[in-house]
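Noted in TrEMBL for the protein shown:
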type	residues	note
BINDING	Gly59, Phe64, Ile110, Glu111, Arg127	S-adenosyl-L-methionine binding site
Amino acid sequence: MQHEELIDLYLEKILEANEKTNLTRISSLDEARKLHIEDSLAGLEELNKAPEGLYGDLGSGGGFPGVPLALESGRKTVLVDSVQKKMAIVGSVLSELGIAEQVSTYGGRIEDLAHERPCAFTALTARALSKLSVLMELASPLLVNGGLLICYKANVQEEEWEHALSLQEKLGMRLYSDRTLTLSDGETSRRIITFEKTGRPKLKLPRHVGFAQKKPL
Ligand SMILES: C[S@@+](CC[C@H](N)C(=O)[O-])C[C@H]1O[C@@H](n2cnc3c(N)ncnc32)[C@H](O)[C@@H]1O
């Protein structure tokens, strides 16, 4: 099966499962193709620039952008979400499609994974999860030096932006690229902000950090 077909099949199965468990607020297939497939793949360019190795999707929910990116890039992938029920459903869809060996799930908090598997990842993505500074703080201990954190953002307030930039050195991260694109509907715009891990974070990682956004996209 081609990647595109597999991604589409994955999406259909997630929408089916969504009728019973809240994985995404989107129920129409067309809308989901735009926001869960096309938008997920917006960060492929950045993912392809990351060093070879393990890729992780932080706060993955129904598996976005992690699953489309995993299938398109061919990378070994871990989807991370603290809601174990979501990860169990996503995991069973991955098994059903025969891709569970390439794409696995971690049903737990990102902070705990960072303690269990420090420096295990060469690339991370995060969509609709938290502010840039929090994402950097979570990602830094998980990344190898040279690894990339790819943040999917709609709009970033000046304060959020300045705060993230001011913490770069302390968090052992530096701004790598910043790109805005428009989806095929000609209306939805997406900003992909990428940070590179440059060294050991100088701030002690808190056991748990606060999250701004908890509702699924
Ligand atoms: C708004 S949803 C976004 C889901 C998906 N990334 C998307 O864009 O469709 C945020 C997800 O992050 C998860 N989450 C929030 N805090 C987390 C943490 N500390 N560790 C792991 N997952 C977390 C929530 O359970 C939720 O599924």
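Cβ atoms are placed via backbone N, Cα and C, with glycine included.
Using a 10 Å radius centred on the Cβ of Phe64 (S-adenosyl-L-methionine binding site) and all shown protein chains, the other Cβ atoms total 30.
In this entry, Gly59, Phe64, Ile110, Glu111, Arg127 make up the residues listed for S-adenosyl-L-methionine, with the farthest two CA atoms of the set 19 Å from each other.
Other C-beta atoms found within 10 angstroms of the C-beta of Glu111 (S-adenosyl-L-methionine binding site) number 17, with every protein chain shown included.
Secondary structure from DSSP puts Ile110 (S-adenosyl-L-methionine binding site) in a helix.
Reduced to three states, the DSSP call for Arg127 (S-adenosyl-L-methionine binding site) is strand. The binding-site residues under consideration are Gly59, Arg127. Their Cβ neighbour counts within 10 Å are lowest for Gly59.
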